[in-house]
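Below: the structure, in structure tokens.
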Amino acid sequence: MEDSDSAAKQLGLAEAAAVAAAAAVAAAAAAAAESEAEEPVLSRDEDSEEDADSEAERETRRVTAVAVMAAESGHMDMGTEALPSPDEAAAAAAAFAEVTTVTVANVGSSADNVFTTSVANAASISGHVLSGRTALQIGDSLNTEKATLIVVHTDGSIVETTGLKGPAAPLTPGPQSPPTPLAPGQEKGGTKYNWDPSVYDSELPVRCRNISGTLYKSRLGSGGRGRCIKQGENWYSPTEFEAMAGRASSKDWKRSIRYAGRPLQCLIQDGILNPHAASCTCAACCDDMTLSGPVRLFVPYKRRKKENELPTTPVKKDSPKNITLLPATAATTFTVTPSGQITTSGALTFDRASTVEATAVISESPAQGDVFAGATVQEAGVQPPCRVGHPEPHYPGYQDSCQIAPFPEAALPTSHPKIVLTSLPALAVPPSTPTKAVSPTVVSGLEMSEHRSWLYLEEMVNSLLNTAQQLKTLFEQAKQASSCREAAVTQARMQVDTERKEQSCVNCGREAMSECTGCHKVNYCSTFCQRKDWKDHQHVCGQSASVTVQADDVHVEESVIEKVAV
């Protein structure tokens, strides 16, 4: 699409140059013909030449003269071109007589970029009449991105127009009028809408559906009160006026009643109308101009934000950082999330025996970063940030070579000349450009720091394993203690249930409060149950004397004792 637009623009410029050249040729031919016509004596040869020149002049007059005024001086330069010969002028005029091309390109939005096209002796165009020399102005209504190509035949018919968007209003011959300036009230108040100056009058013609009236600003109240609209000989409030027009169900007189095609809400937004509050007690709201009360204006309700409402600004999230190792053959990427988790996407090796040249580029973000290049690194590793600035313990038992379980030795490459540490999205500095040399003391310090870092990592892993083992042991102990507790509780419940069963009354089954003093094996809840059960229990108890229950003496008559005695 861009290629076609640029081609159209180039074609338009070429055609505009051709049109200008043809116009210049026509003017030169006309001037030559007039100078030759002034000579009184002509020979036969000169007569033939004059006929040819007059014919060329007639052909030239049929050519449409085009004058193009461009906003930029670099588009066209016609002042330094030399005039062609009469023969070339006649040939160009004859070739140009059929079709005239008018090209307008690079139309800007300013008022100075106006292209004026003059059409001479053209017939009527469809919808327009061009008589004599008519100026056609194409102004700001054209699109600023596309070129305009207009092909006009000499018979006056428009053949083709491409890349031209029709203006909102029809184009009329003659100079364009400048845009009308804003009214003084609009410039000062800064209204949102373009109003007629009559909007500031005290009386405004309003309409609701097909009923018209006159709104008096001085009598405007809250809408429900204050009869400010006069229709005929009657006065109505805005709500009554919209109800009379059949819009009572809308309950929004600010949008039902219109002035100049716009609802009254637009006038209220621009501050031209100021309705009163519902609690206003002024003379207009009370429909009594003899009263005088305070005026309370209507204040639009603004929605308040809740306290627990989330803020509109997005919360900045910490993006995961990538540590990419770029060796000669493969690449390994470590992703460090904001929570501290580390994930890898390949194999990693640390060649502790060989000394290689590496370039380390450490970048915190694409916008800012520190570059360390040209360092001699013997061991490649990642230093944990938590150990910076703290003394490291010395472990004499560790050897120079160590193995890490998560990375098998067989799957790891061993010779990688370059190691690059970077973060998302990409490096800003190429890793192959050395910028600063590091002294051997710094390199040895880095080696010691790396060795201590690996020792610290191994110690931390061992401590984590020990902690996990201890946690597992404590878990088993807690589980056993819980099971023992449940067994003890179950046994205590069974014992309590057994005791309750033993202490129940043998007669009624209720909870026993006393027992037999003779055998201490039978329990009773009351003396009534004891007397009732005595007939059966006396054979088991084996006592014929009186029975005492809880220090209560039971006296039995002698006759009964004699009968019961065995």
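Including glycine, each Cβ sits where the backbone N, Cα and C put it.
Within the listed segments 55-61, 188-194, 300-306, Swiss-Prot records motif 'Nuclear localization signal' for the stretch 300-306.
Checking Thr172, Thr313 against Swiss-Prot, you find phosphothreonine recorded for Thr172. The zinc finger annotation in Swiss-Prot falls on one of the ranges 246-282, 357-393, 505-541, namely 505-541.
When Thr180, Thr337 are compared in Swiss-Prot, the phosphothreonine annotation sits on Thr180. Here the Cβ of Cys525 (Zn(2+) 1 binding site) has 19 other Cβ atoms within 10 Å, regardless of which shown protein chain they belong to.
Candidate binding-site residues: Cys505, Cys508, Cys516, Cys519, Cys529. Fewest other C-beta atoms within 10 angstroms, Cys519. Put simply, of the recorded positions Ser449, Cys516, Cys519, the one whose Cα is nearest the Cα of Cys508 (Zn(2+) 1 binding site) is Cys516. According to DSSP, Cys541 (Zn(2+) 2 binding site) sits within a helical segment.
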